[in-house]
Amino acid sequence: MAAVTAGAASAELVIGWCIFGLLLLAILAFCWIYVRKYQSQRESEVVSTITAIFSLAIALITSALLPVDIFLVSYMKNQNGTFKDWANANVSKQIEDTVLYGYYTLYSVILFCVFFWIPFVYFYYEEKDDDDTSKCTQIKTALKYTLGFAVICALLLLVGAFVPLNVPNNKNSTEWEKVKFLFEELGSSHGLAALSFSISSLTLIGMLAAITYTAYGMSALPLNLIKGTRSAAYERLENTEDIEEVEQHIQTIKSKSKDGRPLPARDKRALKQFEERLRTLRKRERHLEFIENSWWTKFCGALRPLKIMWGIFFILVALLFVISLFLSNLDKALHSAGIDSGFIIFGANLSNPLNMLLPLLQTVFPLDYILITIIIMYFIFTSMAGIRNIGIWFFWIRLYKIRRGRTRPQALLFLCMILLLIVLHTSYMIYSLAPQYVMYGSQNYLIESNVTSNDTKGNTTISVPKRCDADAPEDQCTVTRTYLFLHKFWFFSAAYYFGNWAFLGVFLIGLIVSCCKGKKSVIEGVDEDSDISDDEPSVYSV
């Protein structure tokens, strides 16, 4: 009987890993489609395309390990709080180590991409813009700049290997004893601490990117879907009136030189500006005419009600996330051990919608894991929308714009690196939304409870299941590897806590800005994009 049970459990695990394999194939297909959708057709480069697809895929695969991690720690126990027959100490440790080594492998690849491969490819193509530069010179220059990133990576690894955790040893505080156990659970290897510190540093940068792009995208994406774009016919009529007005100004200036007199310098400058404006307006006219007669525009018009429904759905999901994040942060502010512990909280004193919803979905496998996957994909799509709307900036200097079919190789590499960093931060965002679920999944443990019996006319002690929390015995509940890895250094957790408040503030500002902004032009960006070909119009509306 035990052999049959173990065989069934093994079969279910095999099915689970097969599903994970199919998910990997889906991730690769999505990355290929996304990169090909936005890369410039005229400046497409094989190496930059492969680099962008690979880095984005690694980020998504890493995020896909979170639901797998939660599933495995939950799957080792029955709903009544007992371990399954096959889940002995050795098997449990082997499963935990497999997930942990998976994280170490993927995080090491991420470090290689962020500090070596992506910078090298980026600077290589920056040098390639100069036609007089040989390939040997391009490689040397790219390696020289990449060396700077390698030094930063080495410094992070060194600091992570020797930085003290400063965990207090207070025998009177059971919370600190629990925190100390969780940290020591990960092991005392300096190499693993160095990797954790480096990844946490990147996650901190990802937090800044999420505050900038994801928070704004969560409001911009749904409202853009609801408002839609302006009518191509109406824009074309306005554009025609602008062309006539500019032509009149040009004729007025040129009439001043009919008698052979030279134009004053001010009139020459004005004439040049009007002629440039006229070229832009005529280019807009060609694009508007193409879009107005395009079958794709007519098809998108037919889907307008569906877009409005999706927009309403996305804004409701955004509000659900914001409310859950606010309640979770408020709970930490009121009931956590303080900033010295990284605002770590055990249990949930203030319930939030997502933290209540996930345990309910656990009763029907695999609805809770599907929801976690949807949340991750939602953060990715809103981040993409935020980057597409804002563009890539260095402080007040706009470096690149993200346009469908018009994105340069360097901008594509920047885009994928930003998404990679945001996806790293996604795991902590989900922990902020549902802390107890991310720590223990659906695990229960047994507690002794006294029950009054009418038959014996006395108290009877029975074992009843209880949801795993910080008060559970150490050998009864297994903490996910994700939680242990992301919370090794308390000061990063404290930074994430304050970052969540900033995220909420930027979302509210973005919501107000998105509500006040009018409808987008169907050819938004044509006025500014100098790389748009006049004879290759494209549909810019989404």
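Quick reminder: no glycine exception, Cβ is built from N, Cα and C everywhere.
Nobody curates TrEMBL annotations by hand; they come from automatic prediction.
TrEMBL annotations:
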TRANSMEM  14-35  transmembrane segment
TRANSMEM  47-68  transmembrane segment
TRANSMEM  101-125  transmembrane segment
TRANSMEM  145-165  transmembrane segment
TRANSMEM  192-216  transmembrane segment
TRANSMEM  308-327  transmembrane segment
TRANSMEM  369-399  transmembrane segment
TRANSMEM  411-431  transmembrane segment
TRANSMEM  489-513  transmembrane segment
Candidate ranges 47-68, 192-216, 308-327, 369-399, 411-431 - greatest C-beta contact count to the transmembrane segment (489-513) (under 8 angstroms): 192-216
Among the ranges 47-68, 101-125, 192-216, 369-399, 411-431, the one whose Cβ pairs under 8 Å to the transmembrane segment (308-327) are most numerous: 369-399
Paired segments the transmembrane segment (101-125) and the transmembrane segment (369-399) in contact, 3+ CB pairs under 8 A: no
Residues of the parent chain within Cβ reach of the transmembrane segment (192-216), under 8 Å, 6 or more residues beyond its termini: 104, 107-108, 110-111, 114, 153, 156-161, 163, 186, 379, 382-383, 386-387, 389-390, 418, 420-429, 485-486, 488-489, 492, 495-496, 499, 502-504, 506-507, 510, 513
